[in-house]
């Protein structure tokens, strides 16, 4: 009986861990308050700053499977904990 109970506890813990989803900020503004639950396979939050023209900046935040690449003059920061891309 104890073995069965222990087995059920272990299976429950493993199943709960598999269902974890990351939460990241997701908006195109500098000051952001909108959160997104990442899809399965997206384990990275990112914050990207793109400079398109002099004095023209674009902010992008969201979820990704891998850290996004950048172009010259762009900056990106990646992290893997909830709401870490502030």
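Using N, Cα and C of the backbone, Cβ positions are placed for all residues, glycine too.
Here is what Swiss-Prot says about this protein:
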- 24-45: disulfide bond (DISULFID)
- 27-32: disulfide bond (DISULFID)
- 38-63: disulfide bond (DISULFID)
- 67-78: disulfide bond (DISULFID)
- 79-84: disulfide bond (DISULFID)
- 1-21: signal peptide (SIGNAL)
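Cβ-based crowding with a 10 Å cutoff singles out 63 as the top-ranked of the disulfide-bonded residues 63, 67, 78.
Measuring Cα to Cα from residue 67 (disulfide bond), none of the disulfide-bonded residues 24, 27, 32, 84 fall within 10 Å. Residue 79 (disulfide bond) has its Cα within 10 Å of the Cα of none of the disulfide-bonded residues 27, 32, 38. Ranking the disulfide-bonded residues 32, 38, 78 by the distance of their Cα atoms from the Cα of residue 24 (disulfide bond) places 38 first. When secondary structure is read from DSSP and collapsed to three states, residue 38 (disulfide bond) falls in the coil class. Listed disulfide-bonded residues near residue 78 (disulfide bond): 45 (candidates 27, 32, 38, 45; Cα-Cα distance within 10 Å).
Taking only the Cα positions, the spacing between residue 32 (disulfide bond) and residue 38 (disulfide bond) is 16 angstrom. In this structure the C-alpha atoms belonging to residue 38 (disulfide bond) and residue 45 (disulfide bond) are separated by 9 Å.
Counting other C-beta atoms within 10 Å of each candidate's C-beta, the disulfide-bonded residues 24, 27, 38, 79, 84 are led by 24. Taking each of the disulfide-bonded residues 32, 45 in turn and counting other Cβ atoms within 10 Å of its Cβ gives the largest count for 45. When secondary structure is read from DSSP and collapsed to three states, residue 67 (disulfide bond) falls in the coil class. A gap of 5 Å separates the Cα atoms of residue 63 (disulfide bond) and residue 45 (disulfide bond). Separation of the C-alpha atoms of residue 45 (disulfide bond) and residue 84 (disulfide bond): 7 Å, rounded to the nearest whole number.
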